[in-house]
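Taken straight from TrEMBL:
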type	residues	note
DOMAIN	1-390	domain 'Major facilitator superfamily (MFS) profile'
TRANSMEM	12-30	transmembrane segment
TRANSMEM	50-70	transmembrane segment
TRANSMEM	77-96	transmembrane segment
TRANSMEM	102-123	transmembrane segment
TRANSMEM	135-152	transmembrane segment
TRANSMEM	164-182	transmembrane segment
TRANSMEM	214-237	transmembrane segment
TRANSMEM	249-267	transmembrane segment
TRANSMEM	279-297	transmembrane segment
TRANSMEM	303-326	transmembrane segment
TRANSMEM	338-357	transmembrane segment
TRANSMEM	363-384	transmembrane segment
Amino acid sequence: MIEEQSKLSKVQVLGMAVVAGICVSNIYYAQPILHQIAETFNVPESKMGIMVGLGQVGYGAGLLTLVPLGDKVNRKNLILILLAILFCILAAIGLVSNHYFIFLFSLLLGLTAVSAQVILPMAAELSGNEKGKNVGIIFTGILVGILMARVFSGYISEWSNWKMVYYISAGFSIFSLAFVYFKLPSVKPTFKDSYFKLISSSFYQLKRFPQLRLYALMGGIAFSIFCSFWTTLTFLLVEKPYNYSSDTIGLFGLLGIAGALVAPMIGKASDKGGSGKTQLIASIILLAGSVIIFLFPHYLVSVILAVIFIDVGVQSIQVTNIALIYRLDQKANSRINTIYMTSYFAGGAIGTFIGLKCWETGGWHYVGIQLVAFSLIVFLMNLFKAIKSN
């Protein structure tokens, strides 16, 4: 079957990428400033790290309960509602006086930031034969948002305070609202039954597509590595021999952009049928990064290489997975996306909690063991898949 040309202009695709990045960045601002937030509320850093995991739990809950609505209601209207609620939460987060309220707001931020995942299937549906390319560009926006969130929050918190990070982000959400309202088209829903049947249909996609089960599991494990690494890296870098400040720690996010920049290229490769080889190579790069930071955590060059390798490996796997799942059934894109991304961010939340526990129990040595073990699992999954396909 010959797919039609994309209905989205370059400006629309780039704008969607920016908005998606702005939305998802909200659940990662806390990573380089956990010690500052912990000092404000006089709680241990390891306990404050829970807010990062709760953001991912909220995001996963939103994926499961809100993103499927993209197949039932007008996606543009759904995005606008989520952005408006997101603005209210961001504007209020600096007013809290108890760390338990911060945990609650982190959960709600994750829940409303899922508009990024409504944008992805919307773009896929409108992209025709440029599906992999456009999805890659928008996923790049999400990745840059995740990585630049650390740079942004690190510098803003040093310049002002951690609360200012969320106030400025509230302004970004207003920009996002304006772009979506004036620039994005309305997309007619494809699902006519009840909300309950919609959610049930989402889970049915798992039974329907064995490929989805494989990609969802692989994506979840890969993202657990990513989140465990970035959450605990903050604790490693504030200690000897580094003793880095929040703004310096945030700069490491710039190195991770290397992973984001390869996403459109990976998307193009997927459009041309090179997904299997790409995933195997990516898993090798991911494993190499984990081994390097496990063996040599106190050398700056090792940290730099690990950041680049882990980000390139994880993002290459994710972009390929996403391009592949959007070929399964275009009419069920939102529901398929729900299953994949729920597994993806559930993996991130699990990885964050395991990473925090490893750090608390045995420091970086235990964290490194976890990273290598999980990376080895991803590599073996891709190796067996490659052997089977050949």
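Every residue, even glycine, has its Cβ placed from backbone N, Cα and C.
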- Task: Sort out the residues at least 6 away from either end of the transmembrane segment (12-30), same chain, that have Cβ-Cβ distances under 8 Å to it, and list them.
- Result: 37, 48, 51-52, 55-56, 58-59, 82-83, 86, 90, 106, 109-110, 113-116, 119-120, 122-123, 134, 137-138, 140-146, 148-150, 152-153, 165-166, 169, 172-173, 175-176, 179-180, 183-184, 230
- Contact set of the transmembrane segment (214-237) with the rest of its chain, CB cutoff 8 A exclusive, min separation 6+ beyond the ends, reads 28, 31-32, 34-35, 45-46, 49, 52, 56, 150, 206, 244, 248-249, 252, 279, 286, 290, 293, 297, 303, 306-307, 310-311, 313-314, 317-318, 321, 324-325, 339-340, 342-352, 354-356, 358-359, 364, 367, 370-371, 374-375, 377-378, 381-382, 385
